[in-house]
């Protein structure tokens, strides 16, 4: 085995261990934020939506800057610093008794994510030149298992004190920072040492990539509801916060049994864009009836459909984003690819929280879910138009040649 192949093989296992620590640290805390502050402390859902949206927007919206800096200085210092900032954000969240302090904790958490997320994604692109889609599927399976373990641990700790929940998340991110500081080599992310401004400019001039990323905002408006409206809905229907962990258990079971087989089968028979659109359509249609159900079994059935759509769409979305990235500025591209999540996540959290409160006060609980479903359908149509334009341009070039 060549030294390059050996480094990539070891890097794969490093990425899997690192990813598990990050997922555990995140899911111990964030699925319970809406339960803690809306259900236990009686805050309006929009207040918590602002906090979650702020974290999402800062982490993903500023990702291009984190990625561009990592292109210039390397992955290691950015990852270690970002994880320590995330730990500080969780520690602050544990003592939040006013909205501004919750918002500040999410600000710190988001800034940490801005620093560590793009270089981690770029390392996957760098180390997995072949079978990248399958590795993204493995990471998603790991995400699902880690989400359940984290949510179970967080739910158990919440019975005693929310500060224990946040302290556990903070400790896990400190451990992750130490793991990276100790074992992560000083790898460069890009094929050349790209100046910060040049990397950002290269992305902004790539109109096809920019349009694709911004269109995905609609996809993310639906996807982020697993952190806000779906846990609140499960809690309302079940009458107990402990039921939320079963929502993540469903995701884990589906991911561990279906994600990798579906990814392997579909990559042989369908284009990436078709897989993304099919998954998005299933997610959109499963959202629409959520506000009309009154039983936990019906709700979990719709959540199953939503997760199946995500299982189909997410590996294709991640692989498509990576395949469109320029190797000369990987960090910048992977950072900018998070902008759709920043915009869609922020609107999804704040708008979703506002619509949830509005629907509740107007006795129209189906309102936010129908709106999200319609947004998903429009995003599906927009992506279909983009992909058809790309195929038409390719056929024109082939004909001219």
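Cβ atoms here come from the backbone N, Cα and C positions, even for glycine.
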Membrane_side_equal(residue 95, residue 388) from Swiss-Prot: no
Annotated stretch (transmembrane segment, per Swiss-Prot) among the listed ranges 81-98, 99-116, 117-134: 99-116
Chain residues outside the transmembrane segment (138-158) and at least six past its termini with a C-beta under 8 angstroms from it: 15-16, 19-20, 23-29, 31-32, 35-36, 124, 164-165, 168-169, 241-242, 244-245, 248-249, 251-252, 254-256, 259-260, 311, 314-315
Contact yes or no, the transmembrane segment (13-33) and the transmembrane segment (213-233), 3+ Cβ pairs under 8 Å, gap 6+: yes
Positions whose Cβ lies under 8 angstroms from the transmembrane segment (367-387), at least six residues beyond its ends: 211-212, 215-219, 221-222, 225, 229, 273, 276-277, 280-281, 283-285, 287-291, 348, 352, 355-356, 358-359
Selected stretch (most C-beta pairs under 8 A with the transmembrane segment (276-296)) from 164-184, 213-233, 243-263: 213-233
Cβ-Cβ under 8 Å with the topological domain 'Periplasmic' (234-242): same-chain residues at least 6 beyond its ends: 32, 35, 39-40, 155, 158, 293-296, 299, 303
